[in-house]
Amino acid sequence: GFGCPNDYPCHRHCKSIPGRYGGYCGGXHRLRCTC
């Protein structure tokens with residue numbers, strides 16, 4: 001979700017959440033956006 005497996009859209013999504021500074025793609029196929 002949120003653009004994964006591309007880290008950039010996920011990172012931008014996480015930065016939009018108050019208190020979060022970014023995120024990355026994780027999970028078996030890097031399909032989960034982790035903030």
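The backbone N, Cα and C atoms fix where each Cβ goes, and this holds for glycine too.
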From the candidates Cys33, Cys35, select the one that Swiss-Prot records as forming a disulfide bond with Cys14. Cys35
Rounded Cα distance in angstrom between Cys35 (disulfide bond) and Cys25 (disulfide bond) is 9
Whole-number Å value for how far Cys33 (disulfide bond) lies from Cys14 (disulfide bond) (Cα to Cα): 8
Students should find that the Cβ of Cys10 (disulfide bond) has, within 10 Å, a number of other Cβ atoms equal to 25
In Å, rounded, how far does the Cα of Cys25 (disulfide bond) sit from the Cα of Cys33 (disulfide bond)? 5
